[in-house]
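Would you mind keeping the following structure in view while I ask a few things?
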Number of protein chains: 2
Amino acid sequence: MSKALEKDFLDLLKEKASYEEALGLMFWDMRTMAPKKAISNRSEVIGMISQKVHQITTSDQMKAYIEELEGNTDNEIIKKAVEKSKESYERSAKIPAEEYKEYVMLQSNAEAVWEEAKEKNDFESFQPYLEKLVAYNQKFARYWGYKNHIYDALLDNYEPGVTVAVLDEVFPKVRKSLSGLLEKIQRSSSKPDPSVLQGHFPKEKQEKFSLEILDRMGYDFQAGRLDETVHPFAIGLNTNDVRVTTKYDEKDFRTAVFGTIHEGGHALYEQNINPELAFTPLADGTSMGIHESQSLFWENFIARSEAFWENHYDLFKSYAPDSFSTLQLAPFYKAINEVKPSYIRIEADELTYPLHIMVRYELEKALIAGNIKVQDLPELWNDKMEEYVGIRPRNNAEGVLQDVHWSGGSFGYFPSYALGYMYAAQFYSRMEKDIDFDKVIRAGDFTSIKEWLTENIHQYGSIKKPLEILSDVTGEQLNPDYLVNYLKEKYRKIYQF
Amino acid sequence: MSKALEKDFLDLLKEKASYEEALGLMFWDMRTMAPKKAISNRSEVIGMISQKVHQITTSDQMKAYIEELEGNTDNEIIKKAVEKSKESYERSAKIPAEEYKEYVMLQSNAEAVWEEAKEKNDFESFQPYLEKLVAYNQKFARYWGYKNHIYDALLDNYEPGVTVAVLDEVFPKVRKSLSGLLEKIQRSSSKPDPSVLQGHFPKEKQEKFSLEILDRMGYDFQAGRLDETVHPFAIGLNTNDVRVTTKYDEKDFRTAVFGTIHEGGHALYEQNINPELAFTPLADGTSMGIHESQSLFWENFIARSEAFWENHYDLFKSYAPDSFSTLQLAPFYKAINEVKPSYIRIEADELTYPLHIMVRYELEKALIAGNIKVQDLPELWNDKMEEYVGIRPRNNAEGVLQDVHWSGGSFGYFPSYALGYMYAAQFYSRMEKDIDFDKVIRAGDFTSIKEWLTENIHQYGSIKKPLEILSDVTGEQLNPDYLVNYLKEKYRKIYQF
């Protein structure tokens with residue numbers, strides 16, 4: 001009887017996963033292939049099928065399976081799938097259906113309003129939407145419950161196990177170290193010259209180079225493809241269909257090269273999840289933070305390293321000889337690692353990036369706790385930027401309005417970017433004990449790295465929680481020292497201090 | 001209360017249509033974009049969602065709506081949607097769920113077996129599958145019921161209103177006329193020289209020409225796109241997203257040019273259905289035959305006409321000057337209209353094409369009636385080909401195994417190709433009374449033609465039945481004389497008899 005029950009439970013999960021795969025394909029198609037006029041009908045279809053997914057997640061049937069199977073199965077996958085389904089059930093079922101529906105509508109309207117507000121540098125038009133979004137998130141956080149801080153309930157959506165208490169200990173430490181580092185860098189007389197990177201790089205050549213790098217990373221093109229979009233992303237429809245997109249800027253190759261490698265890191269994660277988890281909620285990366293650790297690992301620890309370019313610089317130049325044939329490796333390497341405070345998070349360098357995240361974290365936490373008001377955000381944002389990054393945005397488009405996340409009601413998401421970066425540094429340090437990292441990178445054969453990541457991280461999908469993976473792999477809890485040391489080491493050489 | 005009921009009914013139809021749109025996108029993606037390894041998981045998703053569609057079609061809920069709304073609504077769209085839903089309900093509900101499931105599995109296995117059998121010219125491996133498929137179709141036909149001939153029950157799936165009695169009257173007449181015409185053509189001393197069409201035509205140039213012709217036809221690229229596939233098709237995901245595919249043969253431009261225009265004809269139908277029918281079962285072409293009338297109208301009546309090439313020949317040559325710059329229009333026009341009996345239906349000329357259909361019709365009818373056996377098909381096929389088309393296939397790959405339809409259990413489908421051709425000739429004759437056809441074509445502005453088709457045919461979607469459209473537009477029933485006269489007229493000039 002229990003076997004039959006397990007089968008029925010898996011069937012329900014499969015139905016849900018099938019809808020999610022269809023939704024994933026529609027999402028991808030809308031951003032890559034769909035003709036313009038298709039969007040409005042397609043949005044309705046997406047709305048209908050999303051509602052179906054929500055219904056299954058919160059169904060009495062799902063509840064019954066969870067209750068009957070919890071603590072009552074020998075099958076490890078089913079056990080974990082029950083846990084995960086229970087979490088989703090509880091999160092969703094605690095929100096009254098009517099409120100959820102209103103919230104979904106608010107989200108979809110708010111994103112359009114935000115887009116226009118950003119374009120017109122007009123915070124006031126977005127303000128009432130943001131106020132409602134914050135209010136809903138406060139309400140949801142109370143429905144979900146929390147022990148210490150209301151913001152913990154939101155963090156738990158993206159990085160289960162990480163709390164305000166953890167972040168309030170870690171972030172200030174990191175900030176202090178990075179600020180000190182930034183000062184040294186700014187005082188250095190050995191500055192990179194980023195102008196050497198200017199030069200025309202034809203789109204088709206950037207595409208070829210991107211494809212070649214993805215291939216070398218071990219990305220499986222029989223289980224994926226590369227396309228072009230305005231906002232690059234990676235999406236796993238299933239482990240055998242993980243698609244990557246990138247963006248080409250003919251005047252600045254960095255957008256495509258580092259963007260592709262970043263998304264490729266996400267994609268490798270999804271491609272290498274244990275296929276036995278297919279059609280269960282475990283067949284995805286376990287958290288935003290762990291996902292980001294993979295993309296940043298490839299983008300920064302590998303692709304911005306000296307060893308990487310020692311191997312790949314000739315290949316790179318062969319695709320754009322007109323612009324780079326006379327440029328030497330050393331100034332090239334220094335230029336792609338220039339540190340310079342800037343307004344826009346997604347354009348930030350490796351060092352100031354975490355500071356951007358901390359600005360958002362402090363504001364989100366205070367907003368959700370009701371300690372600051374939405375109307376004061378623009379000023380508070382600029383003050384924090386000045387305090388943390390050292391520059392003051394000149395307008396809201398390059399300030400508080402720059403990111404899409406809040407318009408979608410995603411509060412608690414930003415910290416995972418910084419957490420992912422710290423995880424990546426911890427994995428990197430651990431990996432160096434198993435693999436002669438620089439040597440492998442210099443040889444241009446990433447097989448052992450890919451295998452290490454698959455073995456230690458990728459294969460598990462969502463079987464393990466993020467902090468569980470971290471401690472299983474590194475034997476430690478979250479420890480920001482690894483990131484700080486990595487950055488110190490790296491920039492000491494580049495800026496010679 | 002009735003209004004609320006109508007709303008609930010439309011919601012259920014919308015749910016079904018949403019799944020169908022998702023299925024359509026997955027189908028398109030599998031044939032154009034999906035990486036190789038994606039297929040196996042995707043097939044499971046397609047199976048799951050198709051089952052959902054089948055469940056809705058045959059649900060008690062659907063039955064209740066049909067019963068309550070039938071003859072009980074003022075809304076014309078709802079009335080027609082109830083009719084259409086009732087037909088689907090009855091067709092599907094009459095087949096026991098278990099048998100339907102077995103049949104779906106048989107279909108999907110049979111197609112793979114057929115593909116290999118065709119490749120290896122091995123009918124025997126396919127025979128047991130075909131026997132089962134025939135047996136299922138006989139069984140289904142009995143479930144569905146019929147008045148006169150068992151094959152009528154299958155015909156009704158594709159061309160409601162058309163029966164064996166109709167076809168047995170029309171087809172022999174057409175065959176007799178076409179055979180007479182074919183004799184005259186074969187005796188003619190004024191033969192086209194198809195060798196003049198040989199010449200390299202780069203793929204990118206064929207693509208550009210195809211895009212330009214689609215644009216001129218009035219195909220809306222903001223509501224569609226053109227891609228390349230092994231087997232070209234058009235697919236309407238919704239009226240604002242109707243995609244076309246084609247195939248490029250650098251040694252024979254005819255594949256892409258006439259193929260694109262053919263699929264473009266299908267696509268114009270789907271793009272111009274009244275948008276108010278969206279998310280109902282009426283938002284599709286009304287039958288296979290009417291659909292084919294649209295594609296053949298554009299492919300043959302327009303794109304193989306002298307007037308069309310008088311306008312477009314210079315444009316055509318500008319895309320492949322190396323191969324065609326010295327070729328005159330007259331021999332070109334004659335060559336693209338060469339009549340020559342051949343083995344493969346999809347490569348047949350305008351005149352022998354209907355004869356290929358009649359071979360299949362006679363065999364299908366006899367098979368389903370139990371008058372012939374599957375094991376005798378190869379010989380019977382070759383005999384009929386010799387009798388109707390005048391040539392005897394040398395093997396089963398170019399004989400009985402050539403088409404995919406039977407492997408999918410599609411019996412009763414083939415006649416719609418010939419019916420579509422006859423409809424097209426009837427529409428053509430009627431259109432000539434409203435529009436100075438040759439003049440419009442020669443001017444290269446197809447607006448009035450597209451508007452005529454939209455006004456008379458496209459806008460209705462499935463609101464009208466095929467024979468209803470035919471009689472509303474032409475004031476006549478099915479009449480094969482128009483096709484015969486069109487072909488006589490056309491080939492008399494080309495072959496000068």
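Cβ coordinates come from backbone N, Cα and C, glycine included.
Whatever TrEMBL says is automated annotation, not expert-curated.
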Besides A:H262, A:H266, which of A:E228, A:E250, A:E292 does TrEMBL list for that Zn(2+) site?
A:E292
Counting only residues 6+ apart in the same chain, whose Cβ is under 8 Å from the Cβ of A:H266 (Zn(2+) binding site)?
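A:A234, A:V244, A:G285, A:H291, A:Q294, A:S295 - these are the non-local Cβ neighbours of A:H266 (Zn(2+) binding site), listed in sequence order.
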Hey, how far is A:E292 (Zn(2+) binding site) from A:E263 (active site, proton donor/acceptor), Cα to Cα, in Å?
9
Within 10 Å of the Cβ of A:E292 (Zn(2+) binding site), how many other Cβ atoms are there?
24
Within its own chain, what residues at least 6 apart in sequence put their Cβ under 8 Å from the Cβ of A:H262 (Zn(2+) binding site), listed in sequence order?
A:P232, A:S295, A:L296, A:W298, A:E299
